[in-house]
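Engineer: Structure incoming, see below.
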Amino acid sequence: MNSPDLWYSPETQFCFAAANNSCPRKARPALVVCAMYLVMIGAIVMTMLGNMVVIISIAHFKQLHSPTNFLILSMATTDFLLSCVVMPFSMVRSIESCWYFGDLFCKVHSCCDIMLCTTSIFHLCFISVDRHYAVCDPLHYVTQITVGVVGVFLLISWSVPILFAFGLVFSELNLIGAEDFVAAIDCTGLCVLIFNKLWGVLASFIAFFLPGAIMVGIYIHIFTVARKHARKIGPGPRTKRALSESKMKATSGKESKATKTLSIVMGVFVLCWLPFFVLTITDPFIGFTTPEDLYNVFLWLGYFNSTFNPIIYGMFYPWFRKALRMIVTGTIFRSDSSTSSLHPAHP
C-alpha cells in the first residue's frame, strides 16, 4: 500500500492539525465524499439488517433448527459483526484517509478484520463438507453430521481465526523485514495493515487459498455425484420401489437446490475476496506501491460479500422470504410463531 505523501504543499490538510507528525488528509471533492459515504453506509445498513433477518429467522423458527442452518446462523453472525465492528471504522479511514480512533484500537480493528474474514471462509468450508455428506451420502447424513459435529465445526471456525489474527497482529510477525518502510510512513492518524513477503503469502494461503481450494474440490465432486444420481433415477412403474425412488428424487432435488445456492454463496465470496488476497501477496514484492484507492476498492469489494449473502438467501430460499414477511409485519411476535411452517415438508 502506498505511503502517505511526505511532501506537503501549503494547502495540505492534516488528520490532526495540532500534531507535529500528523498524516495528511486525502483531498476529495465534496460530491465524491458524499457519494462514498452514501454507498458505504448503505452497504453497512444492508449488511446489518440482512444478516439480522437470517439470525432472527434461524434462532426463532424451530423448523429451521438443523445442522446446516446452525452453520448459516453462525456465518450470518460473523457478517453481522463485520458490519458493526469493522466496516464503520474502515469507512471513515477509507474516505478521510485518517484514523481517529487511537493506536490500540487500530490493532484491535485489524485483528477483527482478519478474524471475521477468516471465520467467514472457514464457515463456508465446513458448509461445503455438510453439503458433501447431504448429497453424496444422504443415508448416513443424519448420523454423521450431528449437532455435536457442527459444534466442533463452529469451535474450529471461531477459535483458529481468533488465535491467528490476534497472535499475528500483536506479535507483529507480519512487520519483520518491513521495519524501514513502516518507519518511513509513520505518522499520527495512520492505520494500515502491512504484511511482509512471508506473511503476505502465508496469511493469504491460510485464510483464503487453502480453504477456498478445498471448497472448490468438494463442490466439483458434489455436482459430479448429483448428476450421476439424476441419471440413475428414471421413470418406472408405481411400485413401492418406484415410490421410494420418487421420494429419493424429491430429497435429492431439495439437497441439490440447497447445494447450488450455497455454491453461489461460495462463488460470490471467492469473486469478492480474490482481488484483495492477490494484492496482499503481491504488494510486498512491488515495494508496497499499490495505490491507496485501489487497496480500498478491493477491501470494500470483500466487505460487500457480507452484504450479498442475505440477498442470495432471499433469492433462493423461500423460508427466508417468508420469515422476512413475518418479521416486517410483526407476525413473529405471536406466541405460536416459532412453530410456523416456513417451507413445505417433503413426503
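A Cβ is built for glycine as well, from the same backbone N, Cα and C atoms used for every other residue.
Grabbed the feature section from Swiss-Prot, which reads as follows:
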| type | residues | note |
| --- | --- | --- |
| DISULFID | Cys23-Cys187 | disulfide bond |
| DISULFID | Cys106-Cys191 | disulfide bond |
| CARBOHYD | Asn20 | N-linked glycosylation site |
| REGION | 175-188 | region 'Extracellular Loop 2 (ECL2)' |
| TOPO_DOM | 1-37 | topological domain 'Extracellular' |
| TOPO_DOM | 59-69 | topological domain 'Cytoplasmic' |
| TOPO_DOM | 91-110 | topological domain 'Extracellular' |
| TOPO_DOM | 130-149 | topological domain 'Cytoplasmic' |
| TOPO_DOM | 171-197 | topological domain 'Extracellular' |
| TOPO_DOM | 219-260 | topological domain 'Cytoplasmic' |
| TOPO_DOM | 282-296 | topological domain 'Extracellular' |
| TOPO_DOM | 318-347 | topological domain 'Cytoplasmic' |
| TRANSMEM | 38-58 | transmembrane segment |
| TRANSMEM | 70-90 | transmembrane segment |
| TRANSMEM | 111-129 | transmembrane segment |
| TRANSMEM | 150-170 | transmembrane segment |
| TRANSMEM | 198-218 | transmembrane segment |
| TRANSMEM | 261-281 | transmembrane segment |
| TRANSMEM | 297-317 | transmembrane segment |
Engineer: Can you see whether the transmembrane segment (70-90) and the transmembrane segment (198-218) are touching - at least 3 CB pairs under 8 angstroms, only pairs 6 or more apart in sequence?
Structural biologist: no
Engineer: Looking only at C-alpha atoms, tell me how far Cys187 (disulfide bond) is from the residue listed as 'N-linked glycosylation site', rounded to the nearest Å.
Structural biologist: 9
Engineer: Is the transmembrane segment (198-218) in contact with the transmembrane segment (38-58), using at least 3 Cβ pairs under 8 Å (sequence separation of 6 or more) as the test?
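Structural biologist: When sequence-distant Cβ pairs are counted, the transmembrane segment (198-218) does not touch the transmembrane segment (38-58), since fewer than 3 lie under 8 Å.
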Engineer: Counting each residue once, how many in the topological domain 'Cytoplasmic' (59-69) are helix, strand and coil under DSSP?
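Structural biologist: DSSP classes over the topological domain 'Cytoplasmic' (59-69) add up to 8 helix, 0 strand, 3 coil.
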Engineer: Distance check, please: Cα of Cys23 (disulfide bond) against Cα of Cys191 (disulfide bond), rounded to an integer number of angstrom.
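Structural biologist: Computed Cα spacing between Cys23 (disulfide bond) and Cys191 (disulfide bond) is 10 Å.
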Engineer: Could you round the CA separation between Cys191 (disulfide bond) and Asn20 (N-linked glycosylation site) to a whole angstrom and send it over?
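Structural biologist: Rounded to a whole number, the Cα-Cα distance is 17 Å.
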Engineer: Give me the non-local Cβ neighbours of Cys106 (disulfide bond): same chain, 6+ apart in sequence, Cβ-Cβ under 8 Å, ordered along the sequence.
Structural biologist: Trp99, Cys191
Engineer: For the disulfide-bonded residues listed here, Cys23, Cys187, which shows the highest count of neighbouring CB atoms within 10 A?
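Structural biologist: Max Cβ neighbours within 10 Å, all protein chains included: Cys23.
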Engineer: Would you mind ranking the recorded positions Asn20, Cys191 by how many other Cβ atoms sit within 10 Å of each Cβ and giving me the lowest?
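Structural biologist: Lowest Cβ count within 10 Å among the recorded positions (Asn20, Cys191) is Asn20.
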Engineer: Going along the chain, which residues at least six beyond the ends of the topological domain 'Extracellular' (91-110) come within the CB cut-off of under 8 Å?
Structural biologist: 4, 15, 23-26, 28, 33, 36-37, 40-41, 44, 85, 165, 169-170, 189-191, 193, 292, 296, 299-300
Engineer: For Cys187 (disulfide bond), name the DSSP secondary structure in the helix/strand/coil scheme.
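Structural biologist: Once the DSSP labels are grouped into three classes, Cys187 (disulfide bond) ends up as coil.
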Engineer: Take every residue in the topological domain 'Extracellular' (171-197), average their pLDDT values, and give the whole-number result.
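Structural biologist: When the pLDDT values over the topological domain 'Extracellular' (171-197) are averaged, the result is 94.
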